[in-house]
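Novice: This structure is in structure tokens; I'll ask about it shortly.
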Amino acid sequence: MWRGNWEFNGPLGVLGIMITSHVLIYYFYVCIELFQGTIIYPGHPMLKGEKMQKVFFSFLVEHACPTMQTFCIFLGFLLLEYFLALVLPGLYVKGLPLPSENGYRLTYKCNAVTAWYCLLIIVGLLHYYGVYPITELRRNYGHFLTAATIVADIIAVWVYIAGCKRPIRMTGNFIYDFFMGSGLNFRLPGNIDVKLFAECRNSWVLLMMLTLSCAAEQYNELGYLTGNMVFMIGAHLLYVNAVEKGEECVISTWDIYYEKFGWMLAYWNTCGVPFLYCMQSMYIQTVLKNKEHPRWVLVLMACILLLAYYLWDAINSQKNHFRMHRSGVPMEIIRNNAFPQVPWCYIENPRTLKSATGELLVDGFYRYGRKLHYTVDLVMAFLWGSACGFESFIPFFYFFFFLGHLIDRERRDDHRCRAKYGKMWDEYVKLVPYKFIPYIY
């Protein structure tokens, strides 16, 4: 049942998000391709007297109209991921009890990390033998963006219609319900969970492919990779690999357990995340070209990145392993040794707060802050932008977008936990008073 609380400022807010999301990536794409990453507005000197809408429209008609080839390749990529999810071995993990299913626990097949390595090999072979060079992704970025946009919107319509057969927490407002979703758990043939598939595979794997495509194109142009591009490859590789190796941990998260699968998750996991988050790689290849940071700057950035990654992986692992153990997941799954396993990712017999309403972790890194994983995630996001220098806002959009998203997520989490845990949440806040930065905030 819907509890009467609008999120994202209600129907008008979500309508604005949907419209802006469709426009923004195209806008940034044109700004990078034609204007060296400059934020363009009507009357900008770089337009040289031409109307902004005419310049943008002409470019997009030529470089971003959908083509049958890009549609087929994009759909083929999704089907390949689905095929690998079906046939490759994996872990079978029980999810949390679902209130909408009278406490029933769905089973999830987790083999994203194996599929991830297989995809890297397949894409590498296709590129090496000239069957489909990975540079084609970068050269046809606009066409693939449009294909992904259309496919994402079709998926959103499909899951909305399918969910209406058995709606969950509907408000009665079509725009809002379409955005948030009408159903919770959709399954493809073979018992593949659509939401888990979208969150762990579509978005992040495609992001890595786009970054590798930008790197390959830079290598074709310069004959080598700049330090900035190598940094971006490493940053995205660490992040994407962590998502894939931790698929079984995602099952216990709020996104899978409670968040409905509507336009928001369908669009951003199919199109938004990969095509927006690769802007740094595109900027380095297109705008910076052979410019790069001094070696000492890159080394310093790499050291900060590795530290932030370690903290992000370890903090998230402590939290997710605690949740998995609490929900009865076997220890051989919790201690799954997918590469890399960072130190202190699991706490034996952790200190917790308990009551009739639940149990909260107050040990490990969570002794020092309630949202430390958000903090180090933001540090990595800032480093992604910093790899492009500071002459354009576009590479840092992800950082500011992510900052707003995490602030909103923290607010939603706090509201939800206060409602769920009551007085125990107040006790928890006193015990762990800091949110993002220990002893500061």
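The first residue you see is number 1, and the count goes up from there.
Any Cβ shown, glycine's included, is placed from N, Cα and C.
What TrEMBL says about a protein is an automatic prediction, not a curated fact.
Among the features that TrEMBL reports, transmembrane segment is placed at 12-35, 82-98, 110-129, 141-161, 261-284, 296-312, 381-403.
What's the neighbourhood like for these features in this structure?
Specialist: With a threshold of 8 Å between CB atoms, the same-chain residues lying at least 6 positions outside the transmembrane segment (82-98) that come near it are 104-112, 114-115, 118-119, 184-185, 188, 190, 192, 197, 201, 248, 251-252, 256-257, 324, 327-329, 333, 336.
Remote same-chain residues near the transmembrane segment (110-129) are listed as 80-81, 84-85, 88-93, 200-201, 205, 209, 212, 216, 240-241, 243-245, 247-248, 251, 338 (criterion: CB distance under 8 Å, separation of at least six residues from the stretch ends).
Remote same-chain residues near the transmembrane segment (141-161) are listed as 22, 25-26, 29, 60, 63-67, 69-71, 73-75, 78, 177-178, 181-183, 186, 194, 206, 210, 261-263, 266-267, 270-272, 274-275, 282 (criterion: CB distance under 8 Å, separation of at least six residues from the stretch ends).
The list of residues near the transmembrane segment (296-312) in space but at least 6 beyond its ends in sequence, with Cβ under 8 angstroms from a Cβ of it, reads 227-228, 231, 234-235, 238-239, 242, 342, 365, 372-373, 376-377, 379-380, 383, 386-387.
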Novice: Mind checking which residues reach the transmembrane segment (12-35)? Cβ under 8 Å, same chain, six or more beyond either end.
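Specialist: Non-local partners: 6, 46, 55-56, 59-60, 63-64, 141-142, 145, 149, 175-176, 179-180, 263-264, 267-268, 271-272, 275-276, 279, 282-283, 286-287, 394, 397.
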